[in-house]
Amino acid sequence: MEVIKAEFIKSAVKPKDYPLETLPEVAFVGRSNVGKSSLINVLANRKSLVRTSSTPGRTQLINFFDINGVLTLVDLPGYGYAKAPPDVRKQWGPMIETYLARRGNLRAVVLILDIRRIPSDGDLQMLGWLETYDIPPIFVLTKCDKLSKVERAKQTALIASAIKRDRNELLHFSALSRDGRDAVWKEVLRLTLAQEEERI
């Protein structure tokens, strides 16, 4: 997708502060340091649309971004950062689950996984929420440039087994080389704008 406009809309914590449900949304989520900000920036063709926090796990806001005036990308807070304050860790679950349960224009969630790691309890909890609320997941494996082709294949199989999915459902991505950008966009558009056209 050619991104002409990518703009920050607003940050929110509670539903009353969310933007109006005027555009289809796709949300991005993953553990802290998984490469979520880098993925969104590459998709948007911007170097710093989403700023990477120097203190992972501290910012607990849902950030909304307008893409070309036709789609909203939503940056959900990262999870699993051990040094995050207890009150921050405690509020993460209810805030994210509330967003997933109540957001009527949410079309899909990009669940981002580090290809070098087996999915965490937080990853599995997130997948469980997506299944509960019937939200289509898009699985993206980041940091693929850090492994050899053989290692990537091995890790992809292990992760697919852990989340009980076909390995072909897992998309490979590298922020360094931008490999995988088009494949991620293709899946995002299939579940968002293509759905909107079917509704018309």
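We number each residue from 1, going along the chain as drawn.
Backbone N, Cα and C atoms are what each Cβ position is placed from, and that goes for glycine too.
Look at Swiss-Prot and you will find 22-194 tagged as domain 'EngB-type G'. Summarising the annotation, Swiss-Prot assigns GTP binding site to 30-37, 57-61, 75-78, 142-145, 173-175. Among the features that Swiss-Prot reports, Mg(2+) binding site is placed at S37, T59, with the record citing sequence analysis.
Sequence features annotated in Swiss-Prot and their locations in the structure.
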residue: G30; record: GTP binding site; contacts (Cβ under 8 Å, 6+ apart): K36, G78, Y79, L111, I112, L113, D114, D123, T142
residue: L61; record: GTP binding site; contacts (Cβ under 8 Å, 6+ apart): S11, A12, V13, P77
residue: K143; record: GTP binding site; contacts (Cβ under 8 Å, 6+ apart): G35, D114, I115, R116, S174, A175
residue: F173; record: GTP binding site; contacts (Cβ under 8 Å, 6+ apart): G35, L39, V42, V140, L141, T142, C144, D179, G180, R181, A183, V184
(message) Quick check on the binding-site residues: of N33, S37, whose CB has the lowest count of neighbouring CB atoms inside 10 Å?
(response) N33
(request) Measure the Cβ-based neighbour count of P77 (GTP binding site), defined as the other Cβ atoms within 10 Å of its Cβ. (result) 24
(request) Please classify the secondary structure at K143 (GTP binding site) using three-state DSSP. (result) coil
(message) Helix, strand or coil for K36 (GTP binding site)? Use DSSP.
(response) helix
(request) Could you please provide the mean pLDDT value for the domain 'EngB-type G' (22-194)? (result) 92
